[in-house]
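As recorded in TrEMBL:
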- 93-468: domain 'SLC26A/SulP transporter' (DOMAIN)
- 122-139: transmembrane segment (TRANSMEM)
- 174-192: transmembrane segment (TRANSMEM)
- 255-273: transmembrane segment (TRANSMEM)
- 285-303: transmembrane segment (TRANSMEM)
- 367-386: transmembrane segment (TRANSMEM)
- 398-421: transmembrane segment (TRANSMEM)
- 427-445: transmembrane segment (TRANSMEM)
- 465-489: transmembrane segment (TRANSMEM)
C-alpha cells in the first residue's frame, strides 16, 4: 500500500508553482548551495595547482610564466573549459540532444530500480542522475559515457544501509555517508596518484567479480517479481541463502504481480530480439522501451486498482529539489569497508568501459571527477555513481559526440524531479524488479561469454576467474574483492621479468648505458 507522506517529506516536496513563492525561494537556495559547493571545489583546484606548476612548466616549455601554467592546469582539471569553446553546435547539437533525451528516458527506470537496491527512497536515484551528470559534464573527460547509479554500487550501498540501520540512523543518512566517504577515497587516490594501480584489475578478475556480484543482485531482486516480502541475508553465504528463501516462499506468490512481471519481461525480450534490430535497419534512434512500459503499466495500475489486488506499488514519490544534508561522521567506521569496495569496483569497471570508447582517457582525471561528484552530490541525497555498460552501449549506438548530451539528460531529469514524481505512485514495484532483472541478466550474459576465452588463455587465468567467482558467490562481495585482488597481484608480479631494468631516457642515462654496454666483458670459464 502507498504510504502517506510524513511531515518531513511534505516539507521537502517542492511544487514549482507561481502561487507558492516560498517554494521558489527554497529551490533557488538549493541551487545556490549547490553552486557554492562547486565553487569550493574550484578553490581546492587552484590551491592544488601550486604544487604542480613547476612540473607543468617543464612539460610545456613555458619558462617562468606562472600564470600561463596555472591556466593550463585549470583547463587540464576542468575539461569543459577546453571543449565547450570549440563545440561544433551545428554539427553536434542535434545528435547530442537526441542522445540526451534517449539517455534520460533510460535513466528514469534504472534510477528508480537501483534506488531500491540501495535501500533508499526511489527519488534518490533521480537526484543522483541529475546532479552527478552536471558535475561530470564539467570535470569528466569520457565523452562517450553514461554516469549515474549502477547496479553493483547500489547493491553494496544497500548492504551497508541494512547492516548499519539498527544504530539509530536513517537509511538516507547511511547511504549519503557512504557516498561521501567514497568521494573522500577517490580524492585521496587522486592526490596520491593511485590511478596507476588500476593495472591490478585484470580483465579476468573484474569479469569474475562482476559475475559474482550480479548473482547477488539477482538473488535479492527476484522477490520483486513475485510480490513477496522476503528478508534479505547479508554477510558470508548470503547469496545461496537468499536463493533458498526465494524458493521456499514461491507458494506465497501474488499471481497479479507474477503476471505483470511475465508480461513486462516478455516485452523487454521482444524489444531486444525483434523490435530493436528492426528499427536499427532504418534509424539510429533507440526506443526507450523501459520508460514507455513503465508509464503504460503505471496507467493500467491506476485504472485497474492493482494496489487493491495486493500488488505492491511504488507509493509516494516526492517532487521538488532535495534539502541539503551533511554526512554523519559517526558512521564512517561502520561503512568504511563497503565504501572501499564500492569505490574500487566502480572506478575499475567505469574506467575499463570508458577506455574502450574514449581515446587518451586519463584515469587520474576520471578519479578526480568521480571524487568531486561524490563529495558534492552526497550533500544532496545522492547515492554513489559509476559508468553503466548498457547505457554506454546505447550512447555508442546513437553516435554520441560530447558531454553536452549528459548535460541535456541532467536537465531533463531536473524537470522530472520537479514535476513528474507523483505520477510514479501507482506503478507496481514488479516493473522495477524487471528492469533490475533485465540489466543484471545482460551483464551476467556478457561475463559468461568471456569464460571460454579466459580459460583457453592459461590455467592461471582460469584459476583466478574461478576462485574469484566462487568466493564472491558463496562468500561475500568484500571477500571476493580481496581474494581476487591478491591473486591478480600475484599473477602480475609473477609475469614481470626479474632481470628487466627500465632506464629513463635522459642524455645522462643514455650516455651511462652506452658506457656500460661497451665495457669489455670477462670470458666465462
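Here, residue 1 is simply the first one shown, and the rest follow in order.
Using the three backbone atoms N, Cα and C, a Cβ is placed for every residue, glycine included.
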Listed stretch, out of 122-139, 174-192, 255-273, 285-303, 427-445, that has the most CB pairs under 8 angstroms to the transmembrane segment (367-386): 174-192
Same-chain residue ranges lying at least 6 outside the transmembrane segment (398-421) that approach it to Cβ under 8 Å: 14, 16, 80, 83, 87, 92-93, 95-104, 107-108, 111, 123, 126-127, 129-131, 133-134, 136-137, 140, 143-147, 284-286, 317-321
Whether the transmembrane segment (255-273) meets the transmembrane segment (427-445): three or more C-beta pairs under 8 angstroms: yes
Rounded mean pLDDT for the residues that make up the domain 'SLC26A/SulP transporter' (93-468): 87
Contact set, same chain, for the transmembrane segment (285-303): CB under 8 Å, 6 or more residues outside the stretch: 98, 102, 105-106, 108-110, 260, 264, 267-268, 271, 275-276, 279, 311, 313, 394, 397-398, 423-424, 426-428, 431, 435, 438
Other parts of the chain folded back onto the transmembrane segment (122-139), taken as Cβ under 8 Å at six or more residues beyond its ends: 34, 38, 77-80, 107-108, 110-116, 147-149, 172, 175, 314, 317-318, 322, 365, 368-370, 372-374, 376-377, 380-383, 385, 403-404, 406-407, 409-410, 413-414, 416-417, 421, 424, 432
